[in-house]
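Asker: Quick one: structure below, then a few questions.
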């Protein structure tokens, strides 16, 4: 079974991105603001990775961390101030349940919405033939697509199953692959999982540990596991959304967790940020 690593490409792309930044010859560093509400361990880890990689290539990045119980009104007021002074703005998800996610995401100015999750950005992404406006592909979705291209996975006229319909991964990946010539079917927890078994390529981003097992895939299937799930008893242990031990006798190739889509996601976020200036 071939391992579809994303680490090497992530490091190469980060070096290339630094070179592009240097060539832009800006009179100040590009500035990235990360807005985090609460203190979830998983969110803290993701934020640390983003801050670290941004610093490596000369981007000025800062996390604005707010109390878990902050009101919608106070958060939006704080965001108004942040919007004035930062080039790219990212809302670290998930948000606490009392905050309406769509309202908070739409409070990020469209041109600074580097994770591409505002309604306006999504409208342009899914209707791009009718618009000349610039849009951002959500970083995790872009990472999946770039990893597929990097490993020269042929998806045109192939059956592709996208398990998970989130705005972060499943929905944009399915839309773009379909537009590029793949035969795409989408699934969620309410869809009969047995239908995945006919797919040549299975992309899994459903947020459920070890959701896909050997009996759910065909012999020789290529698996892209986007899931990152931390063991509650041992936070150093990470599971994907695929049971890797189970599928290893049937899959022809799979992305590792960690080390597959994850490293590329951070780099793709920074690519979106730098593209503001291109």
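Each residue's number is its place along the chain shown, starting with 1.
Including glycine, each Cβ sits where the backbone N, Cα and C put it.
The following feature annotations were taken from Swiss-Prot:
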- 164, 165, 166, 228: NADP(+) binding site (BINDING)
Asker: Which number gives the other C-beta atoms within 10 angstroms of the C-beta of residue 165 (NADP(+) binding site), all protein chains shown included?
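Answerer: Result for residue 165 (NADP(+) binding site): 17 neighbouring Cβ atoms inside 10 Å.
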Asker: So, three-state DSSP: helix, strand or coil for residue 165 (NADP(+) binding site)?
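Answerer: Its secondary structure by DSSP: coil.
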Asker: Which of the three DSSP states, helix, strand or coil, fits residue 228 (NADP(+) binding site)?
Answerer: coil
